[in-house]
Amino acid sequence: MEGGDEFVPPPECPVFEPSWEEFEDALGYIAKIRPIAEKSGICKIRPPPDWQPPFAVEVDNFHFTPRIQRLNELEAETRVKLNYLDRIAKFWEIQGSSLKIPNIERHILDLYSLAKIVTEEGGFEAVSKERRWARVAQKLGYPPGKNIGSLLRSHYERIVYPFEMFQSGASLPVCPCKPRPYESDDVDKEYKPHSIPLRQSVQPSKMSSYGRRANRLQPEVSGICGSVQSLTPSSSSSPEPTEEDIEKNPELKKLQIYGAGPKMMGLGLVPRDKVTRLDGDLQPPPLNLVVKDEVKMKEEDEGSTDDPGKDEPCTKMTMRLRRNLSNPQFVDSFVCRMCGRGDDDEKLLLCDGCDDNYHTFCLLPPLTDPPKGNWRCPKCVAEECKKPAEAFGFEQATREYTLQSFGEMADTFKADYFNMPVHMVPTELVEKEFWRLVSSIEEDVTVEYGADIHSKEFGSGFPVKNGKRHLSEEDEYARSGWNLNVMPVLDQSVLCHINADISGMKVPWLYVGMVFSAFCWHIEDHWSYSINYLHWGEPKTWYGVPAVAAEKLEEVMKKLTPELFEFQPDLLHQLVTIMNPNILMAHGVPVVRTNQCAGEFVITFPRAYHSGFNQGYNFAEAVNFCTADWLPMGRSCIEHYRRLRRYCVFSHEELTCKMAACPEKLDLNLAAATHREMFIIVQEERKLRKALLEKGITEAEREAFELLPDDERQCDKCKTTCFLSALACTNCTERLVCLYHTQDLCSCSTDKLYLRYRYTLDELLAMLHRLKVRAESFDSWANRVKEALEQEEGIKDLEALKEEAAERKFPDNELLQRLSAVLADIERCRSRSAELLGGTPSERPSLQELRTLVDTMLNLPCVMEQLEEVQAVLQKVEEFDSRAQALVSSGGAEWKQPSPGPSAAHVQALLEEGALLPVAAPACELLAGLQEQGRWLGQVRHTLRPAGGEVTLAVLRSLMEAGCNVPQSVSVETAMGELQELLTIAERWEEKAQICLEHRQKHPLSTLEAIVNEAQLIPVQLPNIQSLQACLTRARAWVTDLEEIQNGEHYPCLDDLEGLVAIGRDLPVRMEELRQLELQVASAHSWRDKASKTFLKKSSQHSLLEVLCPCVEKSKKREEDLLSSEADSDVNVLGLTAQDLRDPGAIVMAFKEGERQEKEALLRLQQLNLPVCVCGGVPRPLLYRCQLCKDLFHGGCVPFPSVLSPVNLPIANPLCWWDWDTCFLCLRCQRSRRPRLETILALLVALQRLPVRLPEGEALQCLTERAINWQGQAKQVLDTPELQGALQRLQELKEMQTRDENEEHKEENKGNREDSLVALIPRLKGPVIELVPSTRAQLEELLLEGDLLEVTLDQTHTIYRLLQAASPPPRHSLNTLIQVMGRAKSWVSRNCVEVL
């Protein structure tokens, strides 16, 4: 696959899913699907879901050593490229230069493809002359327009061309002139070291033959060892490290494998014991060069002196140049083998292999500097490069795994490679990546595969009888034909006649795979079937080629990679080579694929090539098997092996003869196939032995070949295992040949040759005859079966024929099936007749079954004794059936009438008679049906009769359900139709009523009345209609109540309207009055909320009505909390009931009475109050008294009036103490905000616009009237001359004191106001006015009544000033107020400071 091509999956192979019945016979099912499956070569079988054999391997004791697989060495074309790189690297390395592969377009240059394309284009000279390098670059896949052609020419000329010249065997051109040096030393910068060992990600062990390529490239015994240099020789003269240095220095040891340049294992190293060149290291010189050897010895002697001017002794790491040129005896010995001249002696190189001399500039390519290590001449290089390559094969890993350790390694590898959890990697991605890797020469991925593990040693994955692990519940799977230990030895299998346990064929092999681990293209031994079962793990991907295309596949692979088959003709039998299915398909080879999941079988058919790889960690088991149809294919395989000289696993002739020796034990199909195979073998053997006689070989001796080891009876020529005959020689006892290669035995005379045979021809013919008798015995038996089935024979004769078929193992066939069916019919007729006549049948047969039984007994090829009695029973039943049918036919029309008919008792009598019969007559069912119809129709008539009353829906539905189970007739269908119509209408009205009741959309009263009226015409009780009717009744009553309220003497009360609104909202009726009521109630609530905000304090414990009405009683219990007293209900406020509250007159009278009682109760309370605070605490200073109720309160229990002004401003007239704010009303006396009269009048105006009466409105009117009356009285009293004069006097005093005291207290007001006021109290004077007692009493009376009002009036404050001014200054009370206010102010300031 080319680098840019993406893998295209081949089509899927057939997949079969047998039923349990088909799955019972394993080989039979495979034979059934063979016509379809063998067209693809492979197929997949999914067992029934419940077939799940247990995993029988002892996991703890399972140990194995896997194989090493380097993926890019598996693919045929990639391996050819890598082999080419090996050879060209070796070519350069043994000349003292290291191969560096150029890098073009970010990819290494494919030297093999380059060389191949140049060769196809006519060679280097032709391509260069015709300037076709751009075309070469295009064929290699490089983009045009980048001058890549010139780069390719340069690389080819420097790297490939010298190697191709050596490979072709052409003579090198003579170059008398010195070579021109390279233009630049930077030419190697784009080169990349070949570094072959780097492709082997698993390094070889010192103790094993790890590393196929490394082993193959080890130096020969002669000591071929090249220095590691680049194509541009280096001028460095540092010596190469020795093996001893590398062993001591771990860094050097790493560089030996991974350093720059292709440091081949075994190349470029100097043995520790051969640092200096010894005489024994040199090859013996030719006879004409004796003096040369002396010169060498002389040079060594000279080199061993201590003269510093002499040269150092020559070693393998240095170049040996010619010395002592002045001696004429050696001139001819030191001449260049290329140009034949001896000049430029300093440029002459001596070959370490053959001791020939060459000029450095005569070499191709020429060398600018002499190499420092061993150097080989072109002739030695050619000989070394032409040595045959080592056969490719897998290496064994050095580590032994358990299933757990291998699984951990495999899962870790896959997860790290794909960077995702193993179960999330798509199979398509793994498949494309696998074919990309095997086709890459740059990327090296190494995996391990536990293949061909013997199940005999480690145990099969299937349960095995008498095995290491055996459980009773596994017996089913241990005996199953799909058990891979059982299938090869089934009776229908040919391999069961082989005594030896052939591992892999008769005994399963186990396979433990990891991702990318692969099995290469191959066919099974002897072209047999194979079956593979995946016990568990990730899928295994398969590719298959049918047998008809096997030769085509071999032809394509040989055509594309002839280099591999040149040294390994049987390469495809080694299971080490794979080729991309896309390449095969492109060359006309049909390929299919499949993914084998856990619990699935894959079967390969004879001579079907197959390969594949594992998607991940899994465990599989495989074995071979052979059926009768395989025999011809097996014989063809032996002929194929004979041509390839391939060893056989077993002798095909021996297997056939062994089956022919015992024909009675063979399955009939197998016997027939063996007969055909044996006939061909006997004919061929007769012809071969006749040819021996014609050659004059007459001596013969019998030989029991089956007792000889296979290696002692193999043909010396074709390696075929001999059995029937072989040719031997008395002189050459170690050899024998088959009769196909008699001329290849030896050159001895004919009289020395003799035939070794197993059977004579007569014995073979006798065996053939017995096979024929076995095969033809079926025909005789078939004729006797036909006669027995056509004539009336005895039952015993038929049974004897069946027993004979079982004894002779006849295959399943039509005659045997007919005979078995007849015997089964006889036995069935016997048992049924006995049950019928004995009166003990398990269940009564039908009349048709009885007739069938009689017909079967009449048609049997034998006489049945019970036939007459059974016929009598049949006649009796038929007579009863005819009478019952006549009754049904005659009375059919009467069943439609209201009356049940005259034959009800007759029907019952016939039913009782039919129940006594041994057979269920069909008429009994009709009679029972008529009886059920009459009963059901009676129920329908009773239900639907006019005087029957209304019926419920449940009754209708039960009748319908019962009618479905009654035998159908015209009467039943008519009644069912009437019931269905009535039920449909009733359900429709029920649905309408349900919609009306759901409040989704209210309907007018008239519409609902129409629905109810129409629904009442249906003679069925409808619950929803009844509910709707009840709602209509409530709606009418609601309308009546509304009219009564609206037509009353007064406006309706809010409570009444709210009750009507609540009722109206719950009704599923749309009423226009309801909307008006809701608006009225909403406006009333809005007014009440506004009045509450006007009067009620925040978090007030009183209701609005309580505040507006007089407070009749005041609690005197001091232990109660002042702020949490319970509010009285509205009923108790005025002492009226809810009905009384609807009468305005009663409310007015109750309000007047409440005023009187309030005043009286207050006077009593003033007399009873004690000098104790309402908090109940012990008396302590700073007590202040409520002006109205005269209760005492502590300064911290209730808020007192503030003597100080709201802001810290100077008091205008501090001596006018009667103007100070000292009036204190407790929370019980002042229950509301006490709005001004003007605000209350605005509420009254809004109240007049409401068409609703509220108790709060009546109370507000009374309160307003009471306030206006009091205001009038107060004005009248204040307008008297006495009080007008008093007010005038107070105004004058205020103005005068303001002028006098303003300057005096200016500074004091700027300071502490509380201190100044306390200091001012002793200076207060009074009383400042005088009032007559009557006037004073009148003012006190007015002030009491004014304080009781929950309204703020100016006259109240004026009266309070007059009474204060007419009294002495209350110094104690004023002092208390000032101190309380001062403490409160200091407490607030202190808390603020703490917060800050």
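Using the three backbone atoms N, Cα and C, a Cβ is placed for every residue, glycine included.
According to TrEMBL:
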DOMAIN    13-54  domain 'JmjN'
DOMAIN    78-168  domain 'ARID'
REGION    225-250  region 'Disordered'
DOMAIN    333-383  domain 'PHD-type'
DOMAIN    476-642  domain 'JmjC'
COILED    1283-1310  coiled coil
With DSSP, how much of the domain 'JmjN' (13-54) is helix, how much strand and how much coil, in residues? 16 helix, 6 strand, 20 coil
I'd like the per-state residue tally for the domain 'PHD-type' (333-383) from DSSP, helix first, then strand, then coil. 12 helix, 7 strand, 32 coil
Within the same chain, where does the domain 'JmjN' (13-54) have neighbours whose Cβ lies under 8 angstroms from its own Cβ atoms, ignoring anything closer than 6 residues to its ends? I mean 6 or more beyond. 461-463, 471, 474, 477, 480-483, 487, 490, 492-493, 529, 542, 544-547, 549, 592-594, 596, 599-606, 608-610, 625, 627, 629
Would you mind splitting the domain 'ARID' (78-168) into helix, strand and coil residue counts from DSSP? 60 helix, 7 strand, 24 coil
Suppose you look only at the domain 'JmjC' (476-642); what would the mean pLDDT be? 88
